[in-house]
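Before any comments, here is the structure.
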Amino acid sequence: WGMKYFWDVLLDADIESDILGWQYISGSLPDGHELGRLDNPEVQGQKYDPDGEYVRTWIPELARMPGEWIHHPWDA
């Protein structure tokens, strides 16, 4: 059900990437390991998309957001 939901709602759905991604995020991997860490979207964005190009592409509402606020627009 999780995989179908990802496939139906994600604009950038990718079967190879998402097949276990939803289980990883939910902490329900079939190997029984608990989720040991949570990824912080703000930190990940600053690290891997420092100029906010990805955010501006997929979230048009933030396309004109100044770079200093792109990864935490709620603080603008």
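The backbone N, Cα and C atoms fix where each Cβ goes, glycine too.
Some features that TrEMBL has for this protein:
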- 1-75: domain 'Cryptochrome/DNA photolyase FAD-binding' (DOMAIN)
- Asp12, Ala13, Asp14: FAD binding site (BINDING)
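Sitting within 8 Å of the Cβ centre of Asp12, Ala13, Asp14, and not among those site residues for FAD, are the Cβ atoms of Phe6, Leu10, Leu11, Ile15, Ser17, Asp18. Neighbour list (Asp12 (FAD binding site), Cβ cut-off 8 Å, at least 6 residues apart, same chain): Trp58. Mean model confidence of the domain 'Cryptochrome/DNA photolyase FAD-binding' (1-75) amounts to 81 (pLDDT, 0 to 100 scale). Sequence-distant neighbours of Ala13 (FAD binding site) (same chain, 6+ residues apart, CB-CB distance under 8 A): Phe6, Trp7.
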